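Comments concern the structure below.
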Amino acid sequence: MSEILDLAGIFVFALSGALMGVRKRLDVVGMGVLAGMTALGGGVVRDLILNVRPIAFQSLGYVLVPVVATVIVFFWHPHVARVMPAILVLDAAGLGLFCAVGTEKALEYGLNPLHAALLGVVTAVGGGMLRDVLAGEIPTLLYDRQLYAVPAMLGSACMAGLYAGLGLHGWPATLAAAVLAFVLRIAAMRRNWRAPLARGLSE
Amino acid sequence: MSEILDLAGIFVFALSGALMGVRKRLDVVGMGVLAGMTALGGGVVRDLILNVRPIAFQSLGYVLVPVVATVIVFFWHPHVARVMPAILVLDAAGLGLFCAVGTEKALEYGLNPLHAALLGVVTAVGGGMLRDVLAGEIPTLLYDRQLYAVPAMLGSACMAGLYAGLGLHGWPATLAAAVLAFVLRIAAMRRNWRAPLARGLSE
Amino acid sequence: MSEILDLAGIFVFALSGALMGVRKRLDVVGMGVLAGMTALGGGVVRDLILNVRPIAFQSLGYVLVPVVATVIVFFWHPHVARVMPAILVLDAAGLGLFCAVGTEKALEYGLNPLHAALLGVVTAVGGGMLRDVLAGEIPTLLYDRQLYAVPAMLGSACMAGLYAGLGLHGWPATLAAAVLAFVLRIAAMRRNWRAPLARGLSE
């Protein structure tokens, strides 16, 4: 169950990576690289920091799903681009899931709650940052003032609190943390909440 | 024998990194950083993912060869640039060698063939991608439609097939896979084979 | 004692990262990411290469200090920018400290002196390079011809020599190496020493 959810998140992230490849007129290799980086980059960095072999290099699904996403975007990108508003909702779901799963894995490997939550955020946003850097852009996360990292932080903190504070393990806790981050992310999009600039900078 | 081949590949990759430093008017430190990144980056990423200490930090030759390449380019870069067509052939040899060696090492550490082949490709193209990102450019690999990653993929797949399918180990298998990738890369350059853009994008 | 010095270096590096965020008009998330990357990136890369869990994910101070630096820059960036000349001196102290501490840790984990010194330089300059790449710029280190990496190299070499050559361990050796790098860095700034371009390139 948890692996299926994980693969669903990877699929959505891979679609967004491959679509950025189309927008920047990359070739099929570039599309595949961006798809794989977006989908797997955050988890690979998390596992390197936990000092374990990355899950992406142990399970076949993690490699096949980005390949499938690349093929779909290669042939049907106008249709995929047309349903991007729906994909943004799925992306929010992926964000919530990745921050919860990442935090939980870090706690299981013995990190304290603060570090585990930080690593959950890295899991959720790391792939997108790598995608942007490879595509020659400053990561959107750093400047566009949408609340994208903040919902992940709160979801990760929720997961860490449930796990370390209340002793709640397993999928109910994961789901609660993922839903919290998802709802906050959707609300931030709907209501156009914005991250502040440093004090005194004009809007 | 295998280490000498490896160091030869590192030397060629380091030359290309240092030359990019000259073209972008970097100083000698920048030339050295690009030389080292190009030559060693792919192997370091491979070893981090395999969760072993990178070979580049265990063997003196891996550090000295990029230093020598940087010194050569520093003093004689016009001559080195003039022989770049020959260097492109050597680069193709390095590409073939790195994908074969990388795949083999991954198989020896217990990865399954698909993941091992993927890691072989990372070994072969990772250093060049890091070089381009550090030099402020989108990695050539992603957009220029030359077949560079694809020969590495086929060489890595060949290595994985020989090793896992036929039980062939050691240098004859490595050499066969390396030669396959090399020949395909040279053919792609000669015949100007091109990677496709997403369907419907004008050429 | 050594952890307090380490945290002082992290604080200064985090200030410089957050200030770059202000200059590039990033939002508060971007400021925090650059602060954390600059302060912790070099040490994380060092620990990944040593194949140990990064210290930044084991000690609370390493996470809290960049957060505090980000808050300070968020509210009082004009004052912080005004004292940047003083911060450049502190940055030189951080550079010296990080190269000495990084080299020493690498020696303790069994690297030979050459690789340990290289890893000390990575510790000292890696965070700043990651900061520049994330901010969409070529790392300053590669082109600006200030001697920044070279003092770190000499400090790391000094540390490796004292440790492996003379058997000197502990804080006196660390301090000597750190002071050497610091003094060289300050001298390079004061006297405007410059790294050379490749031979034949006009200044």
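Each Cβ is built from the backbone N, Cα and C atoms, and glycine gets one as well.
Note that TrEMBL annotation is computational and uncurated.
Pulled from TrEMBL, these are the features on record:
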DOMAIN    B:4-77  domain 'Glycine transporter'
DOMAIN    B:89-163  domain 'Glycine transporter'
TRANSMEM  B:6-22  transmembrane segment
TRANSMEM  B:29-49  transmembrane segment
TRANSMEM  B:55-76  transmembrane segment
TRANSMEM  B:83-103  transmembrane segment
TRANSMEM  B:115-134  transmembrane segment
TRANSMEM  B:146-164  transmembrane segment
TRANSMEM  B:170-188  transmembrane segment
Selected stretch (most C-beta pairs under 8 A with the transmembrane segment (B:83-103)) from B:115-134, B:146-164, B:170-188: B:170-188
Average model confidence [pLDDT] within the domain 'Glycine transporter' (B:89-163): 94
Helix-strand-coil residue split for the domain 'Glycine transporter' (B:4-77), DSSP-based: 64 helix, 1 strand, 9 coil
Counts by DSSP class (helix H/G/I, strand E/B, coil) across the domain 'Glycine transporter' (B:89-163): 61 helix, 1 strand, 13 coil
